[in-house]
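Participant: So that we are looking at the same thing, I have put the structure below in structure tokens.
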Amino acid sequence: MAAPRPPPARLSGVMVPAPIQDLEALRALTALFKEQRNRETAPRTIFQRVLDILKKSSHAVELACRDPSQVENLASSLQLITECFRCLRNACIECSVNQNSIRNLDTIGVAVDLILLFRELRVEQESLLTAFRCGLQFLGNIASRNEDSQSIVWVHAFPELFLSCLNHPDKKIVAYSSMILFTSLNHERMKELEENLNIAIDVIDAYQKHPESEWPFLIITDLFLKSPELVQAMFPKLNNQERVTLLDLMIAKITSDEPLTKDDIPVFLRHAELIASTFVDQCKTVLKLASEEPPDDEEALATIRLLDVLCEMTVNTELLGYLQVFPGLLERVIDLLRVIHVAGKETTNIFSNCGCVRAEGDISNVANGFKSHLIRLIGNLCYKNKDNQDKVNELDGIPLILDNCNISDSNPFLTQWVIYAIRNLTEDNSQNQDLIAKMEEQGLADASLLKKVGFEVEKKGEKLILKSTRDTPKP
């Protein structure tokens, strides 16, 4: 007695007989190709047969794209397509011979065309998503460590496949298409990306939506941040949330346990130019937070993050020297500190010392840190730089910084940065030391305030001497 036929596949309630012979053969091959020795001994004729099945099955998908009512009849074809992709995916694992054989059959072009048809269907059945994912995995595997395959994948996939997949609602499709992009990109192709900035922006969005996904993160940190031309072209086109995401990853790169290399420094000098010039031009958007009108938190947060990047950049000796002489940066920072300090005194707003801290991550907390980081940046820019020390004096920045030294619940870290800034402003600078000593004598800076920031004034005869009570910190 013959064995009973297996139940037919089901899609959208319609019963469709499964093509048993081809499907079982493909599943057997897929299992065999999990072993390296089987991959290495596979004859090329097998891949031609798999490709023939793939092409034949793709006709049903093409028909469904032309006639949406045919989507219900795709079950058997999708089973075969999925197993073809799984078989080819496994065959390519660490086997350049198979990668080359499969590529030379023009399988890559067939796969990309089929994946684009999947996206065109706009159907989210699990069977279709599975075929979609397996197709992308195959493209990732055939391109892995194989420059010839990477070139062919790029020719067929760029830009349409990435534009179709990087913003897909399925996170696995986003991850697999990001893997293909990371694997295929090189220096020359980065230039092509500059002409298709929507793809780069989609990668930023993908990381924003799926921060746990490794591939968008690697594309940004290992590729985008090594291309100042791409970052400069892309940055003006990013919305505020996307800017914050990119700047956060830039901070992560700068503050990583692995310091910037010699090759990184010229690139990050270009980034420093972009960040500093953007901050100088746009920093006053933060003042909107002090207005009575509902502020644009996202715009202000993007500006605040620019300051955070500048603070971290000025910890690096090579980047510090460039930013210390950046035109208008120090002046703008002092001017902005003065404006928000006055705004905080005149009315009760987000910059007021009496403001209370709300939930973690609230914009008010970020704004309070903004004043601290302005003072921190002033201190960094004045580190062992007499020209900047004198410039702060000329701009009446020293009394301004001291006046900010009022500990409050809203800004518990402000005092430590005032201490740091005053130390850097007075190091080997007798003029600035004399100014602070005279301020204390005239009652413009009380002794308790100076003691709080680590100084005391001592009178020797007719001369006032500012003495430090703490060790000099580094930036």
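Just so you know, glycine gets a Cβ as well, placed from its N, Cα and C.
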Participant: Out of SER58, SER77, SER164, which residue gets the phosphoserine annotation in Swiss-Prot?
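Facilitator: The candidate carrying the phosphoserine note in Swiss-Prot is SER77.
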Participant: Annotation phosphoserine per Swiss-Prot: which of the candidates SER12, SER96, SER184, SER372 has it?
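Facilitator: Record lookup, Swiss-Prot, feature phosphoserine, residue SER12.
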Participant: Based on what Swiss-Prot says, identify which of THR82, THR278, THR303 is the phosphothreonine one.
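Facilitator: When Swiss-Prot is consulted, phosphothreonine appears for THR82.
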Participant: SER430 (phosphoserine) to THR82 (phosphothreonine): how many Å between their Cα atoms?
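Facilitator: Spelling it out, the Cα of SER430 (phosphoserine) and the Cα of THR82 (phosphothreonine) are 76 Å apart.
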Participant: Within the chain of THR82 (phosphothreonine), which residues six or more apart in sequence place their C-beta under 8 angstroms from its C-beta?
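Facilitator: The answer is SER127, THR130, ALA131, CYS134.
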Participant: By a simple count, how many Cβ atoms lie within 10 Å of the Cβ of SER77 (phosphoserine), its own Cβ left out?
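Facilitator: Its Cβ has 23 other Cβ atoms within 10 Å.
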Participant: At a 10 Å cut-off from the C-beta of SER430 (phosphoserine), count the other C-beta atoms across all protein chains.
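Facilitator: There are 10 of them.
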